[in-house]
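What TrEMBL says about this protein:
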- 12-29: transmembrane segment (TRANSMEM)
- 488-514: transmembrane segment (TRANSMEM)
- 526-547: transmembrane segment (TRANSMEM)
- 562-580: transmembrane segment (TRANSMEM)
- 647-666: transmembrane segment (TRANSMEM)
- 692-711: transmembrane segment (TRANSMEM)
- 718-740: transmembrane segment (TRANSMEM)
- 773-791: transmembrane segment (TRANSMEM)
- 803-829: transmembrane segment (TRANSMEM)
- 841-861: transmembrane segment (TRANSMEM)
- 882-907: transmembrane segment (TRANSMEM)
- 919-941: transmembrane segment (TRANSMEM)
Amino acid sequence: MQLGFRPSKEGLTLTALTLLQIFGLYIFLKGFLLTRQTFDLQGKHFEPWQDFPLTQHTTPVKTPPTIPSQTAFKRITIVVVDALRFDFAIHAEQQSYYRNQFPVLQKLTQEQPASSLLYQFRADPPTTTMQRIKALMTGSLPTFIDAGSNFASSAVNEDHLLRHLVANKTVYFLGDDTWVHLFPESFSVKERTFDSDSFKMLDLDSVDDAILARLWGVLDNDEEQVTIAHFLGVDHCGHTYGPSDPNMKRKLNQMNDIVERLVSEHVDPDTLLVVMGDHGMSVEGDHGGESVEELISTLFMHSGRPLTLAQDDYYSSLYHRIHQARAQRLDYDMTSISQRLDYDATLYPVVAQIHLVPSLAYLMHVPIPFGNLGALLPETLMPQHPTLQAKTRNVLHMVQAFRTNALQVKHYLDQYAQHTHQLDFSPEKVQSMTRHLYAAEDIMVQLVQTPGFLDGEHADDDYLEQLEDAILAYDAFLISTIKYCKAIWAQFDAGCMCVGIVLLGLSTLASVWLMHHCREPSASYYSRLSLVGGGASVFVACLRYQFLEAWLARGWFEKMGHVDWIGVCMAIAVCCMILAQRPQQAVSSYDCYIILVAHTVQACTLGSNSFVIWEDRVTRHVLVTLTLVWMARNLQAASTSTRTDRALAVLYPTLFLVIVRLVSAIGQCREEQFPHCNYFHSGMLEFNLENYVGYSTIAFVILLYGMVIFSTTTLNQVSGLTIGGCYLVSCIMVLFRIFYEIGAKSLAAADQSQQTAMPLMVHHVLDVYMPRIVYALTFIGNNMTLADWYFNSRPRRVMSWALFFLWTPLLAVVQRPLGAALILASPWIVKLLTTGTSNSLLIRLTMLHFLGHHLFFATGHQATFTSLPWKAAFVGFDEMNYYGGMVLVTLATVAGYIVTWFGWLVLLSENPAAAQGQALHLMILLQSIPTFLSAIFIYVLKRHLMTWKIFAPRFLFQVLLQVSSHVAAIVLEKIVVD
């Protein structure tokens, strides 16, 4: 065996195709995943009747009187309880670990209605902590691609509320260090910043305890200050144990005690207390998506002085009208909230999180941040020395506050249009919003021109209806602006997307051509690339500056630089050179055409949101169909053989069908599949002998143990005791973790009256040291196997099986128990597919591809952000490691596909006479075709209602598979092709 990796023509070809696909994806994503432009401009103070009226009038118009607001609060305490879902904070008839454990908020609202406000606090997806904190301080809307930055928060480069509060108040911070990463200039004083690592999810108490150790001392100060405390225990409990766990009861009780102490000891007439959640919590305890459970959190405001006039029926009715109009404009589904969270959602106002920003600015008498799109909370608007009887005065004060808010938003829209020159923000495009603003101005002009209105502050209540109409019109402008910006801030560069689609299509056609003819480019082909590059540069200069000016003016290609254009021209030239080569004799089989046509038809389902939602079942049906084709091929090959051979030709496909059907009972439902989805999942396993699940769990554990012993024995026979020992010890580590996860849940369920806690050292060993042992043994065994292959000419077939077995514990250790069991059993599932003749090889390889997709769903994943296995990032680490966490999350997500790529290695190693180059091209085509078609569907459906919820996550997952499969093909080529 020769050492080194001298590149072969086949390897260079696969590498070139990989680079072409990656470059096409880069250009497409550059046009698709664009972010909202931000400006480092500060918000300014607007006078209530500044520039009144905004509409043109031929005669001079008097200015309405200015009604002063209450004095600003000297102190504000903001308590963020991470993942405080709204139903955690209200009374419920049914008792549980997360219900009725945090009663203080509702109690204060009922006992002190003039000084307390309780809202359903609705987040804008994505519901990741970084995006929520940004929205809570800037009042801006998140963009889709921001979700990828959650593990590496970067400083906010736009105006925010803290910037204005720091100017005249002392700011203290305690808790989640995400705030410090986002607003470093506001928390630059170390003596007042006590941040803690936010990614130790298995630790429920350290961050909260560190806050409590300093919080009370900070609040004892008499200075004017802003105190922010971000508690993480509830969120970490959800991630680790889920909401239905004794630990959740303990953490919610702790938060309840903290708020009670704050109210009793640290709230006076000069203090505003804000308690809120940054997002909700899914049924499994996670967040990041846009299910109702994840979107609806809690907002509570309380002070020692009156905060609202809502105790009066008139004002309560007015506030209700405003909130009802907002809910209708923003399409809030109150019925869905009530059904999913099991309370009457109509009893509490639903407010967007960005509405908190202008409201706090109003209460603290600071300018609203420049980029804010939020609207004031009407309940918080009170004039100085309010009386319930002075309705006109009170409502006029609300009008001027809403107008100030509207002036700020209009100023932002004007500046955005001026700086970006986007047609979407031209006066003609925003007319649908500004007409509400001008309608409100006209109402106020009519009022001030009415005799008697300006005679005094206590004018007749006959003007109330017009003032209410003005409020609703100003509010309509604010809310319609939010809705409009949500719709257009997916700033697609259609030119980039089209160019990306062309590159993906051409590179896919090149792969089809190469697979059909199995001809690699000649040596002279590579030498001509330099000439292509030089010619492309000249062509780009002409194309870019002579022919595309009209398209550039329309916003097309604005994100493509000169280097991008050169790369595009070279990529197109390379693809055309491949397609223009003189073909050799075709080697593709009839099966190959059938596979490609059938796969293309199946990939077309990615353009249907229903098929994407139910892709787990679609995959199962495709896999069953291919299995029947495999059975037919086996029977055809065994038609002249013995009866035993014909029986085996049917037996192996039948066993595979049974396994597919059994595995299909395991998985995770996505939100849209309810209530028509009922998978068996890892959370249902328990060591409880009082029901069939307990007996099934024990049988499952015994079977898993027996399978590991049998696998170890087999591996010892073919690879030696050392490699077999590495595999056995790794599997034992995985089994320990499976027993621990099931056992810990069973112990907690057995004694629900008190918390059942394992010793911290046991947690540390099982969650940190055992996975590290698995990582180390996999690395050692992998290197020993490759060295044995290189130096001792060990058969490739033996080496392939050894690598396959050695990698399964590594992939299993980052899975939940059932997923881990499937990964450990996967070599024996693949073993069934090794039986058959060469005429069924392509069918079996295609089955492996869909088996990987099937295992993706069966191991508890879906193509949604909510189902991303974030917990895998901490397997083997006692604190967050960004790069290690990213690798582990990726491995946990694509484990099923890695299993099948090892399966390709095994099948190709056992069929050395097969057209292995053709098989490798098939491998990348099985991902390239759906990627190309998915890109087309994304372009066509980019304004579809379900683009960001269904199509975009599925496309991004397809991008991950596309790049991974190309890399896997290159690695396989180095191993299986001589």
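Glycine is no exception: its Cβ is also placed from the backbone N, Cα and C atoms.
Here the transmembrane segment (488-514) sits against the transmembrane segment (919-941); at least 3 CB pairs are under 8 Å, leaving out pairs fewer than 6 apart in sequence. Of the two recorded stretches, the transmembrane segment (647-666) lies close to the transmembrane segment (841-861), with three or more CB pairs under 8 Å once pairs fewer than 6 apart in sequence are set aside. Sequence-remote contacts of a segment are chain residues at least 6 beyond its ends whose Cβ falls under 8 Å from one of its Cβ atoms, and for the transmembrane segment (882-907) they are 151-152, 199, 797, 800-801, 803-804, 807-808, 810-812, 814-815, 819, 823, 826, 830, 833-834, 841, 844-845, 848-849, 851-856, 858-859, 861, 868-870, 872-876, 919, 923, 960-961, 964-965, 968, 972, 975-976. Contact count against the transmembrane segment (803-829) (Cβ pairs under 8 Å) is highest for 718-740, out of 562-580, 718-740, 773-791.
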